[in-house]
Amino acid sequence: LQKAAQQLRPSSPIKFHISSRTDAGVHALANAAHLDVQRGPGKAAFSGKQLLHGLNHHLRPEPIRILSAQRVPSTFHARFSALSRTYIYRLLLGCAHRSQIPVFERDLCWAPAGGPLAIPAMREAAEFLLGTHDFSTFRSLSSETPAKCPVRTLLQVEIQPSSGFLCPQDEHRGLEFWEVKFKSRAFLYRQVRRMVGALVAVGQGKLAPQHIKELLEVRDARAFPPHAMAPASGLFLQSVEY
């Protein structure tokens, strides 16, 4: 993004401020960013439309597109002004083997092994995650972990049927897509992937719904079940709300 912006010949270097960072392998259906563009003397400021077309021209062939651009007040910040962020996690059920994942869905969903998931139990477990909690157990340890407050407020958790991106005929092959949606002002490092992994473990019968409450109460990342974190491939940043 910054390389593309520099091609617009600003009078000083441009820095993008992105609303949300994501792990390698995680996708974004829509992210938000802000930047300051200073032009040379006598040159008019870019309109939102000019900026959109100019950036998209220089972003080719990167898998990034600017969807819209508009002028904002100088007090706006893409990260700190966000009211909430919504992530979805896509699950594919009915695959006896990884080779059954539709070719267009590879790296865009997770097909947990072990047969059907108990969706009612997962929904019961998800209720424990709603609201304000210390999510220490549901964050991965990193160099910045000690400095970050582990308290977050989960505004929404929903587990709903979904569909494939390009293959509506998948239902006839016994494949089912499900979507787990999370909404919060901010999330901890790998919090969503760990919450999904724990909910899937409930769906598989490896954990009881009540265990989610117990994991929250223990407040220790080391108490999280080993190897239960969901892979990055199924996670999407869906939207950022201001």
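Along the chain as shown, the residues are counted starting at 1.
Glycine too: its Cβ is placed from the backbone N, Cα and C atoms.
Over in TrEMBL, the protein carries these features:
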ACT_SITE  ASP23  active site, nucleophile
BINDING   TYR87  substrate binding site
DOMAIN    125-242  domain 'Pseudouridine synthase I TruA alpha/beta'
Lowest local Cβ density among ASP23, TYR87, which the record lists as recorded positions, within 10 Å: ASP23
Tally of residues which DSSP labels helix, strand or coil - the domain 'Pseudouridine synthase I TruA alpha/beta' (125-242): 44 helix, 31 strand, 43 coil
Cα distance (Å, whole number) from ASP23 (active site, nucleophile) to the residue listed as 'substrate binding site': 13
